[in-house]
Amino acid sequence: MSSLVQSQLLSGQLAAKLPSIDGTSAEYPGSNHVVRLRWPAAAARGFSHGKSCRSRNDCREGELTPTFLSGDRSAFLRRRGKDCTISKRRSFGIVKSQLKIVKGENGLVLEDVPHLTDYLPDLPTYINPLQNNPAYSAVKQYFVDPDNVVATNIVVQLNSPRGVHFRRAGPRERVYFELDEVRACIVTCGGLCPGLNTVIREIVCGLWHMYGVQDTLGIEAGYRGFYARNTIPLTLKVVNDIHKRGGTILGTSRGGHETSKIVDSIQDREINQVYIIGGDGTQRGAAVIYEEIRKRGLKVAVAGIPKTIDNDISVIDKSFGFDTAVEEAQRAINAAHVEAESVENGIGLVKLMGRYSGYIAMYATLASRDVDCCLIPESPFYLEGEGGLYEFVEKRLRENGHMVIVVAEGAGQELVAESMQNMDSRDASGNRLLLDVGLWLSHKLKDYFLKDRREVVNLKYIDPTYMIRAIPSNASDNVYCSLLAQSAVHGAMAGYTGFTVGPVNGRHAYIPISRVTESPNRVKTSDRMWARLLSSTNQPSFLKYNEVMEARRKKESIKLMDQLDSHSNGVAGKELDTAEQNKNKETKEAK
């Protein structure tokens, strides 16, 4: 190993250390899931460098460059001044995400986040004021080493690749903003969620107490507030007790994303730190704002704090507000259980949040232990026939005299659409407006028992959706929101931009925005957690869903052909039969 690389390794300037078999340090502590990476001596093969690439696997291998060895400023290898980019098409257009890929030995990949020095290379640095903060003087190692990364997969085979890692969140020894030059702003977008006010409060308090930044603005009413509304000065007095209230003091909205107007407002107001709190659509908007800021060459850090009550943001362990939602859902389930067991043939039906992911319904069911059936979007169900919902409800009422059903709002949408006019409408954020599966299911159950079984059921339908969204966060989420806010502040002060923050395997990390918006986080029905739920409720798994639905479609096709034949002497029926055969053939070929 050269003396240059040795000195950089000892000084902590080298941006990563990794377990290696070629005489290099193999330090991989599993207790905190934080990998200390050490690149091998000779030219460090296994890194991607500055060639444009179409996918993560296309990034070429290169050598360590002075840019990479310069320390915490950038872990990205650049040669010939070109970035390794992945172009992603998003709903806002083409977002050219500067996804910085650094490859190491043993299959280790660091997906780094952008930094201000990527396009402003001559920025000065300053001593982090936390060094002189008495509140942190007792902390043994408060600053995060620039070579600390967090593994996305902590359960691996002995000889398998180490996989993807992210840069660990936390304060750095050097910052890229002078304290008196910082003007920050905070914006909340999308639907309400427990903990929004807590995040706002902790960003303001974190900037004020840790870095001495006293100029923070609140953007009203979501993205459109940048160009259509006035700002709110956020002081310690203003945010003092807002964490005890639900909602957001800044107001929120969907849509309203006009990139040029937003960045014009940021530039006109001389804002240089933007904190954006919202779900996957909001984070995609944050990525577009970062790209426009980068294109204009502005010294503005953009930090995203992911928000979704459904817990459907991928990569991170969970989203804030989720614990509060599960806890509050218990009240609705308990009420439904009391109503159901107090009458003959009582059914308590509770609809919970979960547009595409059934995490709230699943965890609330497991926590309650009073639920007899849980229906989520990831597990299709059917009503009629063997193993169907009707059969299970009838059986449970015979055995216990009552039952409780929990249904996520996105479950059974294809069944509801068949019996109702399917309006493919969308809200301002581009989310499909869902049909009310709770009301539909309550009517279906009542009709089945009254018309088919000649029995009367006492069904009570409870929809606590907006009650849950509007409450303040509980103790667990309050602590979590504080960590998210402080990690975002540390990242922005350290010069990182175009990133989102969240826990990965229990350790907070800076994650490229494109990673958390790639695909939603959904319940894996082949996972042990779903098996635990099935064991708890003893409900059917609805594994025959495809067979039942196919038989139902054939029955409807035969009925339709008979009707057409009666009007066209069999000609239409033959044509429809030929079309059905062609459809079956195409389906087989597709499979």
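Note that Cβ sites are derived from N, Cα and C of the backbone, with glycine treated the same way.
When the ranges 229-261, 559-591 are checked against TrEMBL, the one recorded as region 'Disordered' is 559-591.
Most Cβ neighbours within 10 Å among the binding-site residues ASP280, ASP310, GLU409: this distinction goes to ASP310.
The Cβ of THR308 (substrate binding site) has 27 neighbouring Cβ atoms from other residues within 10 Å, across all protein chains displayed. Per-residue confidence over the domain 'Phosphofructokinase' (184-490) averages 93 (mean pLDDT, predicted model). Recorded residues GLU409 (substrate binding site) and GLY191 (ATP binding site) have their alpha carbons 15 Å apart, per Cα-Cα distance.
For the pair THR308 (substrate binding site) and GLY281 (ATP binding site), the C-alpha distance works out to 10 angstrom. Of all the binding-site residues listed here (GLY255, GLY279, GLY281), it is GLY255 whose C-beta has the fewest other C-beta atoms within 10 angstroms.
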